[in-house]
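Chemist: I'd like to ask some things about the structure below.
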Amino acid sequence: MSRYAHSKPPWLRMPPRYMLASLLTAMGGFLLGFDTSTIGPVTVMPSYIAHFGQHSPSVHGIVVSSILLSAAVTSFIAGRPADVLGRPRAIALGVAVFTVGVAMQAGATGKGLAMFMVGRVTEGAGFGLYFGTLTVLLVAAAAGVMVVTSDGGISPPSQRGPLTTGPQWMICLGLVAGYFTCYGTGTIPGSLSWRLPFVILGTISTIFIAAVLVFLPPSPRWLTLRGQQAEADAVWETLGIKPEDRQKIVNGLEGGEGVVDDSDSTRSPLPVGDLEKEQDAEPRFLDLFKRDVRGRTMFAVMLMGMLQLSGIDAVLYYAPLLFQHAGLTSSESSFLASGISGIILVLVSIPALLFADKWGRRTSTILGGLGLTTTMIVMGSLYASGAVHESRGAARWVVVVCIYLYAVFFATTWAVSIKVYAPEIQPQRTRAKATALAHGCNWVCNFFVAFICPVLLAKSSFGLYFLFGGCTAVTTV
């Protein structure tokens, strides 16, 4: 960095390159949020129904959730292309596959769902490849390794909280963009109303590919492990990582073997010999279930599965449908209410982003679980008692408020604490593979939730809420 740069006032200085690179990586979350908030509204648009016909609840669930099943499959193997190609090129590859799937949906022809469904599955395969890499790569910072790779990445430990929760905020921003895109395109005559959101998403993902390939540097540790020390040193300098932070990262000072306590600030260092041994030995899948680590592995898998079984994606994917059940019967009203829920998510994610390292993981998870359970049980009880009517009564507004409160509780607690804690408790030698396994379970549970939601709503007005409330209660206990 030049002397002139140091002489500038703080507000005129460019942020460190590791911050810019981490923010760029977080943009991958925007694509996920945008797709999540568009597919539900698109499938209830009159123009979509006129083109493909009215879906049964089970078909509706398959259309929405098919992306998640293919994502679950590819997320399990996402680490391999990342190890071979490096993180930036692996991310770009995944996003390219994702973009092909989006383009197929935008251009789906004929009255059948074949091309549209192939596009959904292809998009999901890309999701699993790129978001699996992003997740391992970003949540590794929660354990103090670095932000942009599972092998060590690009953000010093002192900044890991705000930077690793950045993708969550970008997901919320993508949700808002997707909801209001559908709100705006829903009145366009013809099939362009449901095709245009996919065209916009494909355009954004194409720009993201170019930005990743041009601006995202490879991991210094990835380069070092491949004997490219000079290139690794150059990346350290480019990113602006201080020498003392480099040493902490290399020694595992902030990402050791110890289980993280509730203060999330104290970790035991790894002896240098143990660190070298972990670097040299490539862990196998079965190593995740050895006696010394299997408890942590299974706990992370359970947490990431229950994160989805809390019902968050039922709220995100089917927000217009949930609001219609609560009495907001017009498409415009339900889309607008969904957009407002997205805005609330963005706003409440800001304090979670800023204070991620100050709020205890355990406390945050327990308090959030109590809030999520309460809102789900209240909504289920109102529907079960027959108190909710489409055109009258205060109960329907209580349901609307509870949906918003549920989103607030999730965004400020579980969305951050569980996603950070699950990889944070893993030993360094198995962290990448354990995190990939946990996120694979997350995708499978996500598929189940997205598929079962319209089916349960068609059979029972309250069963869905009691199911998710029960899952959050069990997790909290």
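Using the three backbone atoms N, Cα and C, a Cβ is placed for every residue, glycine included.
Any TrEMBL annotation is an automated prediction that lacks curation.
According to TrEMBL, the protein carries these features:
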- 21-477: domain 'Major facilitator superfamily (MFS) profile' (DOMAIN)
- 59-78: transmembrane segment (TRANSMEM)
- 90-108: transmembrane segment (TRANSMEM)
- 128-148: transmembrane segment (TRANSMEM)
- 169-188: transmembrane segment (TRANSMEM)
- 194-216: transmembrane segment (TRANSMEM)
- 299-323: transmembrane segment (TRANSMEM)
- 335-354: transmembrane segment (TRANSMEM)
- 366-385: transmembrane segment (TRANSMEM)
- 397-422: transmembrane segment (TRANSMEM)
- 443-468: transmembrane segment (TRANSMEM)
Chemist: Mind checking which residues of the chain, 6+ beyond the ends of the transmembrane segment (366-385), have their Cβ under 8 Å from one of its Cβ atoms?
Modeler: 310-311, 395, 398-399, 402-403, 405-406, 408-410, 412-414, 417, 461-466, 468-469, 472-473, 475-476
Chemist: Have the transmembrane segment (169-188) and the transmembrane segment (59-78) got at least three CB pairs under 8 Å, pairs 6 or more apart in sequence?
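Modeler: Stretch pair does not touch.
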Chemist: Excluding the flanking five residues on each side, which residues at least 6 beyond the ends of the transmembrane segment (335-354) place their CB within less than 8 Å of a CB in that stretch?
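Modeler: Distal contacts: 37, 40-41, 162, 165-166, 168-169, 172-173, 175-176, 178-180, 182-183, 186, 315, 319-320, 323, 328, 400, 403-404, 407-408, 411-413, 415-416.
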Chemist: List, by number or range, the same-chain residues at least 6 past the transmembrane segment (397-422) whose CB is under 8 A from its CB atoms?
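Modeler: Same-chain contacts beyond the ends: 139, 142, 161, 164-165, 168, 172, 260, 299-300, 303-304, 306-307, 310-312, 315, 319, 322-323, 326-328, 337, 340-341, 344-345, 348-349, 351-353, 356, 359, 361, 364-365, 367-369, 371-372, 375-376, 378-379, 382-383, 388, 435, 438.
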Chemist: What mean pLDDT does the predicted model reach across the domain 'Major facilitator superfamily (MFS) profile' (21-477)?
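Modeler: For the domain 'Major facilitator superfamily (MFS) profile' (21-477), the model's average pLDDT rounds to 77.
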